[in-house]
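Report on one structure; see the data block that follows.
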Amino acid sequence: MFASILGKIPQYSTISSKCSLKECRKVKKVENSDEIGEIIHRDFLDPFCNEYVLIGEEETSLGINYLQFEEEIRTFEIRDSDIIVASYPKAGTTWTQELVWLIGNDLDFKAAEEHLDKRFPHFELCTIVNFAKMTEMLGSTRPEYIGNSINYLRDLEGTRFIKTHLTYNLLPEQILNGNRKPKIIYVMRDPKDVCVSYYHHGRLIQGWRADFQNFSKVFLSEKIMFGSYWKHVLGYWEHRDKPNVLILTYEEMKKDLLSVIRKTAQFLDKKLNENKIPQLLKHLSFESMKNNRAVNQQDKIESRMKHKLVPEQGAFMRSGTSQNYKGEMSEELILKFDEWTKKSISGSSFVTEPIADLYLNTSQKSVPKM
C-alpha cells in the first residue's frame, strides 16, 4: 500500500526539529527492539510520521513531529475565554465538540454548516503528521487550521473553541500554573470501546496497517499515539473539582443527551432557547452527525483514499453505540482489558466511582451520572 511512497525517502530518517532528542529532557525514541516496537515500526510509521517518541515522566507516546512544536505548545497564549474540549482519541470528541460549539454559539445551526475543523480547530493537529512533507510528496496543500493549527488558533479573535488530545501535563503552561482558567470539558468512554473505535479510525484516517490483535497489544502497552488511556483520563480527573473543569462520559451522553446538554450549558453560563432544543437533539443524533459533511470527516477520507494512503474503507462515525466492543473483542481480550483497568486505576479516587464499575463489567448495569 505504501511501497511507492516509502521508496521516496529513508524509512526512519529523523525529521529536523527545534528540539533534538538529545536536547529534550526525558524524551525517548520507541525503538524497534521488542514485539511492540516491531509492530509500531512495521504497521504504524510512514513517511509523514516516521518515529514515535515517549515524552516526559508519563512517557506519553507521540509522533516525532511533536518535537518541532513542543515549545510553541508550552508557551501558547491561553485566554480565560477559551473553551477547550479535551479527550483521548475516539472517546466521543467530535460529538462533544458539536454540542459545545452550538451551545456556545446560541444554537446557530446555519453557522454550524462550516467545517468543524475550522470552527473548532484541533490544537496539536499540525504535530501529528509532517504536513510539509505531505505537501512535498503529494502536491496537495492543507488549510491553515489543519497544516498550521497552532498559528491559526493564535490569530483567532473572540471566543476560541479548541480541541485537544494532549494529556493534561502537556497543556500550555498558563493552564498548568493557573495563570489562565479556560473552560475545559473532558469526555471519556469505556476504554474497550475506545480501542475498537481507535483501531478503525487509525486504519481509515491515519493509514495504520496493524490488525486488531496487534493494535490491541500496542494499545495495552500504552505506546499507541497519545499514550496511556488511563494516565490520560486520570490526569484530567484529578482536576475535576475545579470550577473551570467539567467531566462528561460518552455513556451518559448516549443515555440522556438532554441532561448533558443542560449541564454543559450551565457550565458555559449559556441560556438555552427551549424552542430549539428538539432541533438540537435531532442535529446531534447519530444519523444526523454521520451524514453531516461538516463533522463526518468525509473530505479527509476521500483525500486519503485518492492518494492510496489508507488500507481500509469506511465511515468516520461507525456505530454510535456503547459496548460495541463485545462484537469485536474475544472474552479473553475483554478480561485482559478489565485487569489492565483495575491495575491502572488502583489507588486513585476514580476506583470508587460508579462509572468504574460500568467500565469493568461488574454489577453496575445503569449508566451513572457524573
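Yeah, the Cβs are placed from backbone N, Cα and C, and that goes for glycine too.
Sequence-distant neighbours of H165 (active site, proton acceptor): residues of the same chain at least 6 apart with a C-beta under 8 Å from its C-beta are A86, S87, Y88, P89, T93, H122, E124, F226. According to Swiss-Prot, the active site, proton acceptor annotation covers H165.
For the recorded site, E287 (3'-phosphoadenylyl sulfate binding site), the DSSP three-state label reads helix. The Cβ neighbour count for E287 (3'-phosphoadenylyl sulfate binding site), using a 10 Å radius and every protein chain shown, is 10. Annotated 3'-phosphoadenylyl sulfate binding site per Swiss-Prot: 90-95, R189, S197, Y250, 284-289, 316-320, in sequence order.
Ranking the binding-site residues K90, R189 by how many Cβ atoms sit within 10 Å of each one's Cβ puts R189 at the top. Annotation for L284 (3'-phosphoadenylyl sulfate binding site): spatial neighbours W95, E98, L99, L102, L257, criterion Cβ-Cβ under 8 Å with sequence separation of six or more.
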